[in-house]
Amino acid sequence: MNTIGLVAFALVGATKAIREEFDMFGVTVVGLATAFAGGMARDILVNRVPLALNSPIEIGLGLFGVGLAIGVSAALKSADTHLVTLLSDAIGLAAFTTTGAIVATQADIPAFGVVAIATINAAGGGAVADILLDRSPFILLDDFYASCAVLGGSTYWIVATAGGSNGTAAAVCAAVVVGTRIAALIYGWSIPTAQVLGLTRE
Amino acid sequence: MNTIGLVAFALVGATKAIREEFDMFGVTVVGLATAFAGGMARDILVNRVPLALNSPIEIGLGLFGVGLAIGVSAALKSADTHLVTLLSDAIGLAAFTTTGAIVATQADIPAFGVVAIATINAAGGGAVADILLDRSPFILLDDFYASCAVLGGSTYWIVATAGGSNGTAAAVCAAVVVGTRIAALIYGWSIPTAQVLGLTRE
Amino acid sequence: MNTIGLVAFALVGATKAIREEFDMFGVTVVGLATAFAGGMARDILVNRVPLALNSPIEIGLGLFGVGLAIGVSAALKSADTHLVTLLSDAIGLAAFTTTGAIVATQADIPAFGVVAIATINAAGGGAVADILLDRSPFILLDDFYASCAVLGGSTYWIVATAGGSNGTAAAVCAAVVVGTRIAALIYGWSIPTAQVLGLTRE
């Protein structure tokens, strides 16, 4: 799970940085930050030592994703909004939501915390990448992205609490995230703003 | 103390995000981040496990503040600069300065650290909210905001060191923060820039 | 080492904030953040308690650097791009790369981690300062800055692994960083973007 997520998110982050004309060092840093920031935030929140820096294999996977991003950017126009990148992103989102939910459940964190940590693990990398690219994290604007992680994390918790095995919970969680994310892309789902809901005066 | 601060800051942060037309998910995240970021930074700095994610009650208080923000935005024009919001903010600032000073004192941190942690606890949430809203943290620009927390934290340390009880120190600290913040709003206090002080050449 | 870095980076960060017309409180915060953020990130990553807040001496050094920045800004035109500031920055970069490499080596972290932590220690302060100043961290754009820390950290690891004493490794590391940084400034080195390398389609 984690392996897929690392490669997919490094690919997505590096592709965005290439589009913004960051230099190759910056591209590598944004790619690695996208891949690792969510997991590090999770580790700090559940009080584990962030292990990524101790793991040459994980770093290698991140660098592999950055390499893929360079290849994809060379091969495709508008690589950062291409189907390949969007699918990688959906898969990475699912992989990290599941990893986050598993780690939080093992750390004996209650329901809300499991969902929050799964969401932070999944969406944190993208949010950090956006801050490095000097824009508001897109997940907070009108989109249906982190919400997929919220749904997936909730599903994991429900299945695990209902007595499902970890494997079952993980599989259902990943399926929910990928499914809702792809549906959101196809049908253009978004969460309304207070303005759209008529909840503001101006 | 902490209870008041959580509700007040979630209200303030969510109101700002509504103004910026973030979607309802983003509004919730910015509200919760404003309420919890300062306390989490404090916990990491004094090496406590950030407890917010383990506490359904605190999360509930934060969500209650977000709900209030939606109500306030529906009821008032320009809710983010309305008197209600500014007063909530002053009260939240006082509550979190006091909480930060108490926690830092209990952790046996010396004078400068007590003031720094009280200030980070109080102003950190607003700074994180501003970064999420993609602007420079307003506390660093010409305003008199974090300075109230610095004055309050210093007062707490002086009263506690002079032999005052924790309760006395907390009450005086909160009063100093609310008083200076309201005075700053009424009289338009601000800290000068180096340019205003004639300290630069151009 | 650390002493020099703290003063130099507080000077550099505060000078930038003065240029951006932050108020004196903001100037102090950006100066201290530039000086301490890299070291704090390092401490959190190697699971040490961030010690800066417990150390009145280190805080004093940071404030001394902020004071120097005010003096330099009063004395020089365009202080933030003046030779004095650029040299301070190069010296701070070398000092913090070396400190980071020493701490990471003592924490028994493998090769990639030593280089990563040395780089984060050295470049993290500047990156945080840029986020506070609401711009993309310059180290990720076309420049040759963090790369000096990568080269220095790698050198430290190679010398230490080859049997050199800590003192030797530190001296060689610092020399490499200052040397490459000054050369980069003189000759205008920069790392190419994917666009320059012809790796993108548009």
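Every residue, even glycine, has its Cβ placed from backbone N, Cα and C.
Annotated domain 'Glycine transporter' per TrEMBL: C:2-70, C:87-159, in sequence order. The transmembrane segment annotation in TrEMBL covers C:27-45, C:57-76, C:82-104, C:111-132, C:144-162, C:169-189.
Tallying C-beta pairs under 8 angstroms between the transmembrane segment (C:169-189) and each of C:57-76, C:82-104, C:111-132 places C:82-104 first. Counting residues per DSSP class in helix, strand and coil order gives 59 helix, 0 strand, 14 coil for the domain 'Glycine transporter' (C:87-159). Note on the domain 'Glycine transporter' (C:87-159): mean pLDDT across this stretch is 85.
Listed as Cβ neighbours of the transmembrane segment (C:144-162) (distance under 8 Å, sequence separation of 6 or more from its ends, same chain) are residues 90, 93-94, 96-98, 100-102, 105, 111, 114-119, 122-123, 126, 138, 168-170, 172-174, 176-177, 180-181, 184, 189-191. Sequence-distant neighbours of the transmembrane segment (C:57-76) (same chain, 6+ residues past either end, Cβ-Cβ under 8 Å): 2-3, 6-15, 18-19, 27-28, 31-32, 35-36, 51, 82, 84-85.
DSSP places the residues of the domain 'Glycine transporter' (C:2-70) in helix, strand and coil in these numbers: 58 helix, 1 strand, 10 coil.
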